[in-house]
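*Asks:* First the structure, then my questions, so here it is.
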Amino acid sequence: MSSIVQGFSKSLAMTILSEIGDKTFFAAAILAMRHPRRLVLSGCLSALIVMTILSALVGWAAPNLISRTWTHHITTFLFLGFGLWSLKDAIFEQGDAEELAEVEAKLDKDWKASNGATKNSNKDDDATKKHKRSFLSQFFSPIFLQAFSITFFGEWGDKSQLATIGLAADENPFGVVLGGILGQALCTSAAVVGGKSLASQISEKIVALSGGILFIVFGIQSFLSPVES
């Protein structure tokens, strides 16, 4: 098992380059323009922290289910594959403005739908509305729950989640969690504070190119490093 510092540094660099310009980054920026920033930040960051911890736990458990040699080779394959994937996105994908517009359009649709439901529910009396509310909404703000759910399900199955699993299988999982949480906090805070103006200025192609190179470097390093018993 590698050192905490190595796992921390790899996870921090990978998370920042994976999350900046991601759809969840854009979603946090747009939500922060419409709702209180503290609720958006807490909801998005809570989802990302939960996702990071779950991913690291899966990666930590993997060598106990299959041999460490196989997990090492799978991790190497994931890093190289994600590196090529990111480079492909940087070269062939459309402009950044289109993805930002896509995320904004989806949030607009959800916002109008929720507003329509709210107007209809206003016709009911307070006791009926309280009875109809979900269990979680009685304890958490609807804005917090919206930010949490959009971020959590947006990250589910994303390459950053899979890369975290692979990294935790090959590096110190505690360092991976710390680096991942710090990286998520930095990116999400920047999105919430900077808002849409910051998101629109980020070149997703440059970020994807940098992330692709970083993944390939990690893959080559993993390929050349011996398998620890």
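Cβ coordinates are placed from backbone N, Cα and C, and glycine is handled just like the others.
Found this in TrEMBL, in case it helps:
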TRANSMEM  39-63  transmembrane segment
TRANSMEM  69-87  transmembrane segment
TRANSMEM  135-154  transmembrane segment
TRANSMEM  174-194  transmembrane segment
TRANSMEM  206-224  transmembrane segment
*Asks:* Relative to the transmembrane segment (69-87), which of 39-63, 174-194, 206-224 accounts for the most Cβ pairs at distances under 8 Å?
*Replies:* 206-224
*Asks:* Near the transmembrane segment (174-194), which same-chain residues lie under 8 Å Cβ to Cβ, leaving out any that are not at least 6 residues past its ends?
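*Replies:* Tertiary neighbours of the transmembrane segment (174-194) are 2-16, 19-20, 25-26, 28-29, 32, 37, 40-41, 44-45, 48-49, 52-53, 55-56, 59, 164, 167-168.
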*Asks:* Same chain, outside the transmembrane segment (39-63) by at least 6, Cβ under 8 Å from its Cβ: which residues?
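*Replies:* Residues 15, 24, 27-28, 31-32, 71, 141, 143-152, 155-156, 161-162, 164-170, 173, 176-177, 180-181, 184-185, 188-189, 191-192 contact the transmembrane segment (39-63) from elsewhere in the chain.
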